[in-house]
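Visitor: Quick one: the structure is below, questions incoming.
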Amino acid sequence: EGLARRFVQPTILEGVTGEMLCSREETFGPVVPVAGFATEAEVIARANETPFGLAAYFYTRDASRLVRVAEALEFGVIGANDGAPSTAQAPFGGIKHSGFGREGGKYACEDYTELKYVSWGVEGEATT
């Protein structure tokens, strides 16, 4: 009973078009908007139309297509044949209106620190 009150069943929205908000905004909930497409180029263009770019997911059996589509998608995280690609070691973050920079792994240190170079001359030693 306790979990049932906090659980929202996943919702699949079929026949989604580019005019619908669910295809243009980041929905942080169990919602899957499904839209048909005729060509690979069409689906890439439609995906990249959004002003957001946190994560994109797609499935394929074709290794060449996987590389091609992943390179073409304008998102910070790509789940190719993987519905949960985030790990502690992987860089995480979006592009466009979904943010900038990456956190996670070595990228977190780079993102949250400021590099500074200090040259300290020691008295009596020549400095260049």
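Backbone N, Cα and C define each Cβ position, glycine as well.
TrEMBL: automatically predicted annotations, no manual curation.
Note that the coordinates shown come from a computational prediction; the quantities given were computed from them, not determined experimentally.
Positions annotated as domain 'Aldehyde dehydrogenase' by TrEMBL: 6-118.
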Visitor: Under DSSP, the domain 'Aldehyde dehydrogenase' (6-118) has how many residues in helix, strand and coil?
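Guide: For the domain 'Aldehyde dehydrogenase' (6-118), the helix, strand and coil counts are 29 helix, 20 strand, 64 coil.
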Visitor: Average the per-residue pLDDT over the domain 'Aldehyde dehydrogenase' (6-118) and send me the rounded value.
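Guide: Over the domain 'Aldehyde dehydrogenase' (6-118), the predicted model scores a mean pLDDT of 88.
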